[in-house]
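Undergrad: From Swiss-Prot, for reference:
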BINDING   Arg77, His395, His489, His498, Glu523  peptide binding site
MOD_RES   Lys304  N6-acetyllysine
BINDING   Asp415, Asp426, Glu537  Mn(2+) 1 binding site
BINDING   Asp426, His489, Glu523, Glu537  Mn(2+) 2 binding site
Amino acid sequence: MAPKITSELLRQLRQAMRNLEYVTEPIQAYIIPSGDAHQSEYIAPCDCRRAFVSGFDGSAGTAIVTEEHAAMWTDGRYFLQAAKQMDSNWTLMKMGLKDTPTQEDWLVSVLPEGSRVGVDPLIIPTDYWKKMAKVLRSAGHHLIPVKDNLVDKIWTDRPERPCKPLITLGLDYTGISWKDKVADLRLKMAERNVVWFVVTALDEIAWLFNLRGSDVEHNPVFFSYAILGLETIMLFIDGDRIDAPIVKEHLLLDLGLEAEYRIQVLPYKSILSELKILCASLSPREKVWVSDKASYAVSEAIPKDHRCCMPYTPICIAKAVKNSAESEGMRRAHIKDAVALCELFNWLEKEVPKGGVTEISAANKAEEFRRQQADFVDLSFPTISSTGPNGAIIHYAPVPETNRTLSLDEVYLIDSGAQYKDGTTDVTRTMHFGTPTAYEKECFTYVLKGHIAVSAAVFPTGTKGHLLDSFARSALWDSGLDYLHGTGHGVGSFLNVHEGPCGISYKTFSDEPLEAGMIVTDEPGYYEDGAFGIRIENVVLVVPVKTKYNFNNRGSLTFEPLTLVPIQTKMIDVDSLTDKECDWLNSYHLTCRDVIGKELQKQGRQEALEWLIRETQPISKQP
C-alpha cells in the first residue's frame, strides 16, 4: 500500500490559509475532521476531505495542518493503516497512548503567539468546538469559523453530493408510524417548554420518518435536516425524490392532513437561514433542543438563551430501544445472514486448500451469498477480510496492493455484515484452515473466554456498558494481553451499523445504561502485529432475566445472541475453558444447529447444512 504523496496538496492548502478571498485574516492552523455536516461516522465521497488531503481513509481521525506541520490523530483501530497510507509529511498521533498530546495541547505547543486556528463550522461538532476554543483561548490563541471549506477550494474534482431515491418502511418493519413517533416527541418537548427540536443526525431523521436512503455507502440514510415544532414539521431535503408517489403516500403529502402533521419540504442548504428566522420569534422562556454533536454552525444559529444542548437526543435514545417488530426483524435478518455465512465457510473449507482464494475473492463470495437472501439491500460496512499479518490491522479492508492469498498456515479473520430490509448484521469469525499453533489457540481461547463472559453476564437494570468492558478483557489481562478498541457498539435496525448511545467500552459513548430492547455487539479481540488478528463478534439483544433474588425490585438483564454462526472449535484450547464456558458454547452451538439448520433445510442448502452439523459438535474437556 503506497502512501499518498501530499506535498503539493499541503502547499495549496497552506496557500488557501493565507488567501483573503477565503479568510478575513490569515490563519496559522486548519482543522480537518472526519465527519460531514451531520457528524456521520461513514461519509459520502464528497465529504472525504481528510482522506483527500492526507491519504488516510479510516473512519475515524482528525487532521491538523499548520504552516510547518501536518498531524493526524486516530485511535488504535487505525494505527497500522494510517502509518501505511500517509507519507512523510504527516506525523501520526496515536490517541489513547500516554505520550500522545491532545489536539489542543499540540496546537498550543507548536503555534506562534496569538495564532488563529480555522475550521469549517458546518462540519465541526459543537462539543468539540467548545473544548478546543477554551484551551486555545487560555493560551492566547483564537478558534475561527471559516465559512468556505478550504479543502473544497483545492479539491478540483470533488464528487457531487448524492441524492438517491428513498425507501419507505411500513409498520411490519417499524412497529410504529412516523406520526406516532412525532406525537411521542412532542409530548417530551411540551414537558420541558421546548418549542423546536432541530434534528441533524441522518439516522435519526431516517428513523423518525420511517424512511431509508442510500446517499452514504452501506448506511441507509439520506442527506437532510428536520425541525420539529409543536405544530409544525420541516424537512430539508434536495432533489425530486420526495415527489416519488410511494414517498408522497408514505408521508401523506397529498392528503389534507391536520396542520400539525403536514410536512413542509424545504431546500437542504436552507437549514441555517430558516432556523434563524424561527429563533427570531421565540419568547423569552421558550427553548430549542439540539444535540451537542450538531455542527457549531447549526448550534450558533440558535441564540444561547434559547439553546438546550443534549448529549443524546430523545430520538437517539428511543431509536436504541428496539420494539417487538424491530427485534423480530433483527432476528430474521441474522438467520438469513447465518445461512450466507454457513455457505461461505463451507466454500472456504473446500477451496482454500486448492490455493487461489484471496482476501478480496473471499469478501466477494460473502457478498454473493448474502445477495441470495430475501430483502438484502447492501453490505453494512466494507468487509474486513484479512489473513495472517493483515488481520492485525483492526479495520483492514483488502485492496489489490495488499491482497493476500488464504492458506493452510495462517489465521483468517472476516468481519462482515449486511443491511436487510428487516435488520442490520455485523459478525466476526476467526478461523484456521490448517493446524493452528499452540500460541494462536491460546490467544483465541482468551478472546473466546471474554466473549462468553460478556454474553453470559447477568447484571442489574441500569448498568452502564463500561462496567461490562472488563469482563471481555479479564482473561487477556491475566496473561498481560489486551486490545485497542471497544468491546461493543450499538447496532441500528436497518440503519447504521454503529449507533449510540449504548455500547460496551471504556469510552464515553457507553455512558447510557443498558436496557431491555437495546442491541449491541460483543467483540473482544487480540492482535499480534505482523502475525495475526483474532476477533469473535456477535450481535446481542438486551433481555430481562429472572434471578433467584431481586434486590430493591430493580430487575436484572442479560444478552440473547442474535448472531447464530458457529465458532470454530479447532481454534480452542478446550482444556483451558471452565465447565460453564464449555456448557455455554455447546448450548450456543445447539441453538445455531436448531435455528439455522431449519432455515438451511428450508432453502435446500444441503452442503452448508452438513458443514453446520460438523461445526456444532459438542466439545468436552479431557477427564
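Each residue, glycine too, has its Cβ placed from N, Cα and C.
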Undergrad: List the recorded positions among Lys304, His395, His489, His498 whose C-alpha is within 10 Å of the C-alpha of Asp415 (Mn(2+) 1 binding site), in sequence order, or say none.
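TA: So the list is His395.
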Undergrad: Taking the recorded Mn(2+) 1 site as Asp415, Asp426, Glu537, identify the other residues of that chain whose CB atom sits within 8 Å of the mean position of the site's CB atoms, giving them in sequence order.
TA: Ile384, Ser416, Gly417, Val427, Thr428, Thr521, Glu523, Arg535, Val539
Undergrad: Among Lys304, Asp426, Glu537, these being the recorded positions, pick the one whose CA is nearest to that of His498 (peptide binding site).
TA: Asp426
Undergrad: Starting from the peptide site formed by Arg77, His395, His489, His498, Glu523, give every other residue of that chain whose CB sits within 8 Å of the mean position of their CB atoms, in sequence order.
TA: Ile394, His485, Gly486, Thr521
Undergrad: Which Cβ among the recorded positions (Arg77, Lys304, His395, His489, His498) has the fewest C-beta neighbours inside 10 Å?
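TA: Taking Arg77, Lys304, His395, His489, His498 as the recorded positions, the minimal 10 Å Cβ count falls on Lys304.
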Undergrad: Identify, in sequence order, the residues in the chain of Glu523 (peptide binding site) that are 6 or more apart from it along the sequence and have a CB within less than 8 Å of its CB; answer 'none' if there are none.
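TA: In sequence order, the residues whose Cβ lies under 8 Å from that of Glu523 (peptide binding site) (at least 6 apart) are Thr428, His451, Thr487, Gly488, Arg535, Ile536, Glu537, Asn538.
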Undergrad: List, in sequence order, the residues of the same chain other than Asp426, His489, Glu523, Glu537 whose Cβ lies within 8 Å of the centroid of the Cβ atoms of the recorded Mn(2+) 2 site.
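TA: Those within range, site residues removed, are Asp415, Val427, Thr428, Gly488, Val491, Thr521, Asp522, Asn538, Val539.
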